[in-house]
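The structure's right below; bear with me while I get my questions together.
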Amino acid sequence: MKGKIYSINSGIYSIKDENNNFHNLPALGVFRHKNIVPLVGDYVEFEKEKYITKIYERQNEFIRPKVANIDHIIIVMSIHEPEFQSFLVDKYMAFIESANIEPVLFNTKADLGTSKYKNEYESLGYKVYEISYKTDEWVKNIAKLFTNKTNVLMGQSGVGKTTLVNKITGSNFAVQAISKFANRGKHTTRIVQIVNVFDNGELIDTPGFSSLDINLTKQQLAYSYKQFKELGKFCKFKTCFHQNEPENFCNIKQAVKDNIIPQFRYNNYLKLLQEVENEQK
């Protein structure tokens, strides 16, 4: 039988088959011996009431959260409470785009104000949606994004991910208030799982977090963003880090000077590069 892994709990995989029936099964030990770990989103073959016997080749996979075969990863970032942080957005995007997955930006709590970065990110080619929980109009606007797609939500704790999931699915996941002391919400989501939404769409909500190690090399980071990858082809050196190289040797620096790449994006990139250098020491 064939199916898709919808959730994992203590080594038991919840698989939805082609007839929309669910099966809770372990995986064959051979996967463990080969250091292959089944992930939420994997397409698999299994023997009914026995084991997962095969994992099909993945379109892509992501480390945090551990998921496979993803169409979009949606970065959920609040405009206020907590304040919008372009550095975190760019950090997530570097991580996402390096895995060849398309990032999308959801700006929540739009009723509290507008984000000055919306136009900036749209000019860079990203889809940006502003979401106000005062109205349900945004639900219609995002529906097409989910049609026949598997999308992941990721972002800081306290930015409204759980409220967003509740609105989309009609479920009632636990919502916890912002901690005024820490200025971030407490973690509410625990298990990575697929939830069916809209027209044959799939949503994977993930645990919120306030920090994320980038886990990229300097070379991977330098060509992580789609725009950097395209413009970086014209740098004089293939190993250009767009950092200390002369401006006439680095096409990324030239693009910043020409306002093709926003200054804030380049500044965030340099900050990320410093993080990578510190991690590698």
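Quick reminder: no glycine exception, Cβ is built from N, Cα and C everywhere.
Straight out of Swiss-Prot:
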{"type": "BINDING", "residues": "THR108, LYS109, ALA110, ASP111, GLY155, GLN156, SER157, GLY158, VAL159, GLY160, LYS161, THR162, THR163", "note": "GTP binding site"}
{"type": "BINDING", "residues": "CYS235, CYS240, HIS242, CYS250", "note": "Zn(2+) binding site"}
{"type": "DOMAIN", "residues": "59-212", "note": "domain 'CP-type G'"}
Within 10 Å of each Cβ, count the other Cβ atoms, then let me know which of the binding-site residues LYS161, HIS242 comes out lowest.
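Among the binding-site residues LYS161, HIS242, the lowest count of other Cβ atoms within 10 Å belongs to HIS242.
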Of CYS235, CYS240, HIS242, CYS250, which is closest to LYS161 (GTP binding site) if I measure between C-alpha atoms? They're all binding-site residues.
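That would be HIS242, nearest by Cα distance.
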Inside 8 A of the center formed by the CB atoms of CYS235, CYS240, HIS242, CYS250, which other residues of the chain have their CB, for the recorded Zn(2+) site?
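Counting only non-site residues, the set is ALA222, GLY232, LYS236, PHE237, PHE241, GLN243, GLU245, PHE249, ASN251, ILE252, LYS253.
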Can you check how the pLDDT averages out over the domain 'CP-type G' (59-212)?
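The predicted confidence over the domain 'CP-type G' (59-212), as a mean pLDDT, is 82.
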Between the Cα atoms of CYS250 (Zn(2+) binding site) and GLY155 (GTP binding site), find the distance and write it as a whole number of Å.
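GLY155 (GTP binding site) has its Cα 32 Å from the Cα of CYS250 (Zn(2+) binding site).
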Have a look around ALA110 (GTP binding site) and count the other CB atoms within 10 A of its CB, chains all included.
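Counting Cβ neighbours of ALA110 (GTP binding site) within 10 Å gives 21.
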What is the number of other Cβ atoms found within 10 Å of the Cβ of GLY155 (GTP binding site)?
24
